[in-house]
Amino acid sequence: MGSLAGKSTLDIEDLRLVSPQPIVGKTSSLEIAPPRSFFSPGTEDFGCRSIPSCIFRSTKIALFSNKLNLLIPCGPLAILVDKLTNHHGWVFFLSLLGIIPLAERLGWATEQLAFYTGPTVGGLLNATFGNATELIISMHALKSGMIRVVQQSLLGSILSNMLLVLGCALLGGGIVHCKREQVFNKSSAAMNSGLLLMAVMGLLFPAVLHFTHTELHFGKSELVLSRFSSCVMLVAYGAYIIFQLTSQKNLYNPVNEEGTQTEGGSADNEEPDIPKWESIMWLFILTSLISVLSEYLVNAIEGASVALNIPVAFISVILLPIVGNAAEHAGAVMFAVKDKLDISLGVAIGSSTQIAMFGIPFSVVVGWIMGRPMDLNFQLFETATLIMTVLVVALMLQDGTSNYFKGLMLLLCYLIVAASFFVHIDPESVQDRPSIPP
């Protein structure tokens with residue numbers, strides 16, 4: 001579902017350090033009850049008697065209410081190391097660690113704003129900001145002319161969500177509920193699988209056209225085809241969002257063991273932590289901070305590859321997606337453990353769908369505007385990996401049931417993918433070639 005394509009943030013009931021109210025079971029904003037008016041003044045009493053006290057309270061909740069925020073100083077430290085030294089490996093490592101809490105807080109701010117917009121518009125906000133970290137990194141890489149990094153990082157985000165995140169969620173939920181099989185909405189999973197297969201089609205044809213040398217104009221036709229296909233994929237994803245908002249609003253309601261949908265969220269009346277305008281302010285602040293750190297991260301990728309003797313392909317496909325989505329990964333596992341598997345699927349499969357049908361074609365269009373030859377030819381190795389991943393996950397989800405063995409299979413598949421990219425020599429990457437043994 002488009003509204004669930006944005007990744008839910010961590011269930012923070014166990015991660016609270018400072019809380020303005022008694023801690024209760026925190027739930028995702030996707031399960032909330034009646035929306036509050038977005039444009040009318042808030043009726044909640046947040047205990048703010050003056051502007052300084054409001055700023056202090058909002059900062060305390062945003063920056064000191066989660067244990068992951070202990071990693072925030074890694075961001076300024078990465079900038080300091082970059083300015084004072086030439087250690088690209090440390091800059092890359094510290095930038096990765098600094099982005100983790102910022103990405104988690106960005107999801108938190110989105111959920112806070114969703115309290116005032118309702119689950120429908122809130123889902124669109126989650127879809128927009130849930131993958132913001134990956135898109136920001138891609139835009140910086142595209143601006144620097146690192147087209148392969150853009151392609152591989154977006155591909156890695158899809159692989160990570162479909163194999164690692166979903167695998168951990170199914171494994172965790174299956175172990176906790178080992179006495180029975182968990183169930184989820186088959187129709188939503190099938191629809192997302194269909195969209196992913198459409199994305200595979202868009203990536204497959206330019207690659208085949210290039211490697212079979214059957215282009216009408218060699219070197220140009222695949223770029224034109226990629227841009228045309230990207231526009232079609234964006235239209236398809238837009239139609240998918242409209243369809244979800246108008247026809248399938250209850251598509252992700254929980255499913256019971258008999259396979260029927262149940263109304264969710266009626267018993268979980270959670271109050272927001274901050275007012276709506278503070279939520280908007282934190283969205284812009286966190287997005288700006290992620291953008292700054294992403295620039296240092298992208299600039300250090302090639303140097304870190306040489307310093308750490310790790311292929312750029314492995315960094316782009318494996319490390320960037322794992323660290324960038326670490327908080328959301330844990331959130332998907334928590335929902336599966338609580339037998340809310342539909343939300344876990346929304347985080348994993350829905351996010352993969354958004355990257356495949358929106359993130360990748362959007363990058364192609366932006367590259368077109370920038371004058372960069374960004375296309376959908378991801379090379380044969382990467383395209384084959386994506387095809388097999390989509391097919392494996394589609395087969396795993398076709399019956400609408402889940403158990404720990406399915407999760408284990410997905411995790412083992414991800415290990416094979418990670419090992420493959422560690423020994424893979426990207427023909428387009430100059431940095432990988434010197435590492436070839438004599």
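Every residue, even glycine, has its Cβ placed from backbone N, Cα and C.
So that you can see what the record holds, here are the features copied from TrEMBL:
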DOMAIN    89-245  domain 'Sodium/calcium exchanger membrane region'
DOMAIN    280-421  domain 'Sodium/calcium exchanger membrane region'
TRANSMEM  154-177  transmembrane segment
TRANSMEM  189-212  transmembrane segment
TRANSMEM  224-243  transmembrane segment
TRANSMEM  280-298  transmembrane segment
TRANSMEM  305-323  transmembrane segment
TRANSMEM  343-368  transmembrane segment
TRANSMEM  380-398  transmembrane segment
TRANSMEM  404-425  transmembrane segment
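The transmembrane segment (305-323) shares the most Cβ pairs under 8 Å with 154-177, out of the stretches 154-177, 189-212, 224-243. Note: the domain 'Sodium/calcium exchanger membrane region' (280-421) comprises 119 helix, 2 strand, 21 coil (DSSP; helix = H, G, I, strand = E, B).
Long-range Cβ contacts of the transmembrane segment (280-298) within its own chain (Cβ-Cβ under 8 Å, at least 6 residues beyond either end) map to 58, 62, 75, 78-79, 82, 91-92, 95-96, 98-99, 102-103, 105-106, 109-110, 112-113, 129, 132-133, 136-137, 140-141, 144, 146, 149, 274.
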